[in-house]
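Copied over from TrEMBL, here are the features:
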| type | residues | note |
| --- | --- | --- |
| SIGNAL | 1-22 | signal peptide |
| DOMAIN | 43-125 | domain 'Copper amine oxidase N2-terminal' |
| DOMAIN | 135-231 | domain 'Copper amine oxidase N3-terminal' |
| DOMAIN | 258-674 | domain 'Copper amine oxidase catalytic' |
| ACT_SITE | Asp337 | active site, proton acceptor |
| ACT_SITE | Tyr425 | active site, schiff-base intermediate with substrate |
| MOD_RES | Tyr425 | 2',4',5'-topaquinone |
Amino acid sequence: MAETSLPLLFLCFLFLFITCSSIFLPVSSSKTRFNYSLEEPHHPLDPLTAPEMKRARAILSGHDPGFGSGSAIIHAMALDEPDKQRVVRWKKGDPIPPRRAEVLAMSNGKSRVLTVDLDSGRVVSDLTSPTSGYPVLTMDDIIASSQVPFKSVEFNRSIEARGVPFSDLICITPFAGWFGPDEEGRRVINIQCFSRQDTVNFYMRPIEGLYLTVDLDKLEVIRIVDKGPVPIPSSTGTEYRYGFLDKPVHMDRINSISMDQPDGPSFKVEDGYLVKWANWVFHIKPDQRAGLIISHATIRDSETGEARSVMYKGFVSELFVPYMDPDEGWYSKAYMDAGEFGLGPSSMPLVPLNDCPRNAYYIDGLFASPQGNPILQPNMICLFERYAGDISWRHSEILLPGTNIRESRPKVTLVARMASSVGNYDYIFDWEFQMDGLIRVTVAASGMLMVKGTPYENVQDLGDKEDDSGPLISENVIGVVHDHFVSFHLDMDIDGSENNSFVKVHLEKQRLRESKRKSYLKVKKYVAKTEKDAQIKLNLYDPYEFHLVNTNRSSRLGNQAGYKLVPGGNAASLLDLDDPPQIRGAFTNNQIWVTRYNRSEQWAGGLLMYQSRGEDTLQVWSDRDRAIENRDIVLWYTLGFHHIPCQEDFPVMPTVAASFELKPVNFFESNPVLGIPPFLKKDLPVC
Ligand SMILES: *[C@@H]1O[C@H](CO)[C@@H](O)[C@H](O)[C@H]1NC(C)=O
Ligand SMILES: *[C@@H]1O[C@H](CO)[C@@H](O)[C@H](O)[C@H]1NC(C)=O
Ligand SMILES: *[C@@H]1O[C@H](CO)[C@@H](O)[C@H](O)[C@H]1NC(C)=O
Ligand SMILES: *[C@@H]1O[C@H](CO)[C@@H](O)[C@H](O)[C@H]1NC(C)=O
Ligand SMILES: *[C@@H]1O[C@H](CO)[C@@H](O)[C@H](O)[C@H]1NC(C)=O
Ligand SMILES: [Cu+2]
């Protein structure tokens, strides 16, 4: 080593220290983080503020004293968004349109849907049980009902017979679904208990064979079934926390990695919720039910500078997770996680450096408690630029001597992320924006399986018998087969709300007679006239592209400006249409739907999902078969996984992801990212 290296090295470290300590400001425009408990909305779509929630509560109490006395309970409270046209026309500096709250409540065992006008101080609409079903559960519902089993002598006896100490019991509330008259006219919930002895991962220690159904309002046991004890799986190997594991890991360590942004992040978050990055502008907000809503996404045309509308609103409308076990205690496991539980409150604070990279900016959520008090959910959403070493576009040229063409551009994207822990499962939702106009939506599943106890410890013990309801994934533990479906509401407004059409671009095989080829594929376009034309099941042997175009906007070549939906890996629900869970989850009967825009049709399983009977689903709306050509239309896409568990899913499952894309087609005149400059070494820190 030369003598000069040491001081140089030192200098270099110093330099790194100086740059690195100053580069990770959360948002380049402001040094302090936005206060998400602030007083005022700044944008027509901003979520209700804390003072607005308090005001809504006061107005409700004036309207119905039950809200003051506690006999009427608030299950959900969210901004009742102003009309789309008003939001689109609104500009910074304009007055905010009148603010309204939509409230889902329960009183006297009945569902209520109320609209509270915060400006006039009046309840402008108050509907009792407009459809079957009840609002999303409150945390109080879940906690109170999980204590109900202990009121039952029979339950206590069953637990004692199993030799489980009461102090080790933890009871959770798999939802009830809806299976006919027994569950009608009252709110019910199923309860299942686990042993948390010697583990935090109680999900892997089910007390199988003991099932309860509880009345959620009277808080009493309706039914208890004890099919006799099943061995409770041991706690061995269930630990997942770093620092508590006792087995060595035979793997070389990976050094820490993070991304350098010497000049800071390139995105801005204005007034807490308005995101500006590269050519994109969109509004992002936390939501109790959907978790995260992206609104009014526009992209600037790099040729004209015009801000062009792409998507008015995109969010997870419902999640449907049916388990494949008809046994007592299991048949009802068919969850609707958004409408029964809510993805917002279950999105706990993200873990910096692990859930989101170092250069992330965090957004808090604000939700109403059952009494209408605002509750802050810190660091619920993160926003970050991603550079994963991928290429945006490239070409190198060998056929032109002397030109030495090596053109390449890095792919940098902007990701908005949220992670919900809906009981045992974790879902990570990413909305990823690319400079070339593409939006990629990814859902990744992780967390704990919902497992079933079994007497078997080894596959050999089964003898000639088939697997029970799924594979053995640990001693006495069955990973029950199930599906996950995530249904997205995608209100695409390509260059405005009007004049949008859905075009099925079909690849049709042509048979040839007088050619050296015998067959080839030809593109034919079909414009969907009505909603039924747009009920689509994906099929590899009958391929389509799915375009949304603006018929009133053409490129210089006369192609209609459009975006296409690009499905990714997917799975279909194979349950029969008359199966009760499938009636409620009818929005999974097709992977793609297009409906006429209707501001009350947002939740694919219905506004009141809990114990609903499926009369307010996307299937029902779409079957009205309204005209959808050349209008304001909404695209719906459901992505799914079949999940056959395996041993690697124990004790916590590695993430499994699926995604889809919304990609411009003839929307721009040419490649919109041609002009972006390459990265150069001189712009990055030296060390
Ligand atoms: C945010 O604003 C609220 C209401 O004005 C205030 O009570 C709170 O202390 C503020 N939080 C921070 C971190 O400044
Ligand atoms: C059941 O056992 C629990 C725990 O020992 C006790 O608190 C509860 O009172 C018992 N319930 C009945 C009905 O005996
Ligand atoms: C249709 O296009 C014309 C010309 O660009 C424009 O002036 C008009 O506003 C558009 N109509 C609608 C409904 O968007
Ligand atoms: C666009 O929509 C408007 C109003 O909905 C209609 O009047 C107009 O004819 C449409 N334009 C085209 C090109 O279809
Ligand atoms: C809008 O949706 C609601 C709920 O599905 C329905 O009652 C109403 O008839 C719809 N309106 C139109 C114009 O389709
Ligand atoms: Cu799964």
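In case you wondered, yes, glycine gets a Cβ from its N, Cα and C as well.
Bear in mind that TrEMBL entries carry predicted annotations, made automatically and left uncurated.
With every protein chain in view, the residue among the active-site residues Asp337, Tyr425 whose Cβ has the most Cβ partners within 10 Å turns out to be Asp337. Under DSSP, residues within the domain 'Copper amine oxidase N3-terminal' (135-231) fall into helix, strand and coil as 31 helix, 26 strand, 40 coil.
Annotated pair Asp337 (active site, proton acceptor) and Tyr425 (active site, schiff-base intermediate with substrate), C-alpha to C-alpha distance, rounded: 10 Å. In the three-state DSSP reading, Asp337 (active site, proton acceptor) counts as helix. Under the three-state DSSP scheme, Tyr425 (active site, schiff-base intermediate with substrate) falls in the strand class.
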